[in-house]
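To keep things clear, I will list the structure first and then write my remarks on it.
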Ligand SMILES: Nc1ncnc2c1ncn2[C@@H]1O[C@H](COP(=O)(O)OP(=O)(O)O)[C@@H](O)[C@H]1O
Ligand SMILES: [Mg+2]
């Protein structure tokens, strides 16, 4: 898997805009509404200062002045009423864009994750992924709002600056010194925020990892009285996130006061210039009010800039950690549909390792004929599961080929390959839902008869019937808890239901007692007919009838033969088998 280097700013911004682009109509409307509504304050101020000028000229209260003030008051209320309506609509439009962008990114991330090969989930910490999916996506959601402020605030600033120049050129000169100073300060303070946000996010991801680990294994934590250690571990990451966040906050908190302080000094200078150049009072007031608004716009823009840096950090993580990761296992460009199989499997000089320098399988060659029942045995860690995982292409061999019915499995579509394989993995996972929906996971439209038949074959029918709601009993998270053996039997039923041509059982009956195991095996016997079946077995007594027994040791095939043949040769198999027999009779 190739994780690209952190993308540069411009590229990031372009890609972010691409997520917003589909909603440019709402966005433009929102921005227009926002710009229009911003005119309310200047209009009111203009009315007010003009009136003050007239009031000063009139000297005393006259009926004409009273009429004038009524008119001014009504104009102000009218302007506000009209313009705030625009603000209402800008809120609606832009919030919709924000929500849609968030929804779009969440869906893109989830969809992309579903295409990732198993190795991706082994190499990535789930906590980091979860943190990215929740925190970072929420941050990106703000892109539309930031875009609004990023566009509207500078426009406002220019508008105010223009009014100021028009009010008094002499006083405006002061502003021309103050504004660049403010912008410079903003740049200095905000430029480190992206790095700080990344650091805080990394620590948060660590905390989320610990959370998801302990949530999935509370039994282990409690059995080893490790609660306090876990709390300490969590708090350390939590505290790290807090420290990094605080460093960012100290910076952003500096922003508004510093900019405002420059504004205050500028105001004093403006005051001086106003008196020195004898600027008329109404223009003077207008100017000061505008200068204040300008300062607000600039410090507001500073905050936007800071948030924008954090947003870029979030976007960078989403792109580099998820969306840009090219799945290493995917359909070839000219992949074809695999026709229905007869089930011959050939491993041709297959080697594989999870890490480059540590081979797990070396030069395995093996042919499995259609309809054969083949057992894989060998010590833990010999590579049995790894070898079986190559057939549905959970991994691709580093050397050699895997063929089904003479076709290299890398030349057919993954979906058409996996549809014909039924897998019962080493650990049985149930999804939240009913027992029936769990069995029908691979074939959502399965009929009741199909589900029952599969459950019967897995010797699960009786215990399912005994549940309160039978097949409709809710299991999984917040559902009825089943025993390990019961879960395993549901997993077997799930694999059988899709009626696959190849069946792979990876220690699929390890959680059953010997008696239940032999009942299940007997029931399965009829299902094995006409299918190629691979059984990875721990208890050797269960596979004595297999057509072929393959003994794996340290990633190599040590022996192949039937039970009788292997016992006769007196190799590794006979050692393992005799040891287990002694264990049973002892
Ligand atoms: N996802 C993985 N990442 C890295 N190493 C792995 C992974 N899965 C298995 N291994 C290693 O590969 C070797 C073979 O494992 P496995 O195929 O599970 O053995 P078996 O099923 O025979 O017990 C072991 O050394 C194991 O540690
Ligand atoms: Mg295994």
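Placed from the backbone N, Cα and C atoms, the Cβ positions cover glycine too.
Since this is a predicted model, take the numbers as computed values, not measurements.
TrEMBL assigns the feature transmembrane segment to residues 27-45, out of the candidate ranges 27-45, 46-64.
Record note: among 146-166, 209-229, 230-250, 146-166 is the stretch given as transmembrane segment by TrEMBL. As stated in TrEMBL, the feature transmembrane segment covers range 254-277 out of the listed 110-133, 254-277.
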